[in-house]
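Since the structure comes first, as structure tokens, the remarks are kept for the end.
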């Protein structure tokens, strides 16, 4: 008779302990955002490579722990290439300067860019057949483009322009798909990269500080960095990839000192319509002037920024609030679902998913005041892939002394990165200004969910981007709240006369942008 009671009591005790543990974890997470003071953060760590620079923010800052993100900034010099890597969480990249190319390696997707086999002949020898190259689609990006990187998918980037590419990336370490902890990690497939987030390594060292000599040697190897291939022996790699040991040793890259960003001597040559079009133009010019066409240059020159935007607009699907500026292509107008002509739905969603959108074009603005500035919003409604990432973005340009009126985030934390200089004020639930100061270029500011925030441009204006931790982040503007509340409620709430209430509700701009 006592056994069922004992079993029930034991089950109840386990359930109580589990509930207490979950409550403690949840409470700890909530307490991370009980911040009485916010700080403008600057990069804490730099990794200088052969072809560029990587700057990172310490993820242990209370503000970043509250938002569940960390941030990195990459600078790719001319002909600089960021080595293939992947992350255990999604990331969003905004290009604040320059132009380039990005390639992904989606698992299970075909190589849709192919170079046909060609016959090459040499004097005194028979014709030889060159090996064929093929790879997945390459996407081109420009200044103002927002790129989204799926978790676990390898990608690489390359600077195709003459000026450095500068890109800022929030890393959503608290994403529910990340089965590790919230410490930032980058898994490189090539090179001998340096540690980008030393705080992660420091925590691991503290956890292993009680280990013996063997663990100490292991920690020393971890501090030196390396790609995921460097942990395998060259003999094993040679067997796995069916190659010789010399090639396998280069895959391990034990002595490569170029680090994360390398310089491609002579420029990168890949299969891409954009590369090929420029090469054909160069050959046509040579024939026109009677010159013998030379071999295609390895480093392509590229068209103007407007040409890149036109290409992006052709690839974009029409948005309800932004109709296309040119007619759709015939293949886009054909109805789908006709028997065998229907393409694989999984392939369309994964292999050909749209992963970038320009957010900085003036024609892209959702709010505009010719005397105050403009606002552009990017969320899962305008870029459906963001629904899987749980991120969104907002691009704001404030003209001289222009004001972004007070608002708050209903369902997201936000990370603000500036390109100019302006004043920001954040007020918490107690009516205290947890931040009231100037935000300069290169700094970031984390604003938790619900505190009211307002921005004002300086004498030279203010340009900034806001990353938000929800795929469809919603903001509520205090001016809009005044408009929808009955006059009597406002009169009694603020002790105002009717004329003052009418002035408060209906005088001035109806949108969030204000010119003082």
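Any Cβ shown, glycine's included, is placed from N, Cα and C.
Sequence annotations record features per position, and here Swiss-Prot assigns signal peptide to 1-24 based on sequence analysis.
Sequence annotations record features per position, and here Swiss-Prot assigns disulfide bond to 33-66 based on experimental evidence. Over all protein chains present, the Cβ of residue 33 (disulfide bond) has 18 other Cβ atoms lying within 10 Å.
Note on the domain 'Cupin type-1 1' (38-249): its mean pLDDT in the predicted model is 82. Under the heading domain 'Cupin type-1 1', Swiss-Prot lists 38-249, citing sequence analysis as support.
According to Swiss-Prot, the N-linked glycosylation site annotation covers 79.
According to Swiss-Prot, the region 'Disordered' annotation covers 113-135 (among others).
Per Swiss-Prot, region 'Disordered' is recorded for 198-226 (among others).
Positions annotated as region 'Disordered' by Swiss-Prot: 244-345 (among others).
Broken down with DSSP, the compositional bias 'Basic and acidic residues' (247-260) shows 6 helix, 0 strand, 8 coil. Taken from Swiss-Prot, the feature compositional bias 'Basic and acidic residues' applies to 247-260 (among others).
Per Swiss-Prot, the feature compositional bias 'Acidic residues' maps to 278-288 (among others).
Summarising the annotation, Swiss-Prot assigns compositional bias 'Acidic residues' to 307-316 (among others).
The annotation compositional bias 'Basic and acidic residues' is assigned in Swiss-Prot to 317-337 (among others).
Mapped onto DSSP helix, strand and coil, the domain 'Cupin type-1 2' (357-502) counts 27 helix, 63 strand, 56 coil. Sequence annotations record features per position, and here Swiss-Prot assigns domain 'Cupin type-1 2' to 357-502 based on sequence analysis.
The separation of residue 79 (N-linked glycosylation site) from residue 33 (disulfide bond), Cα to Cα, is 42 Å. Distance noted between the C-alpha atoms of residue 79 (N-linked glycosylation site) and residue 66 (disulfide bond) is 37 Å.
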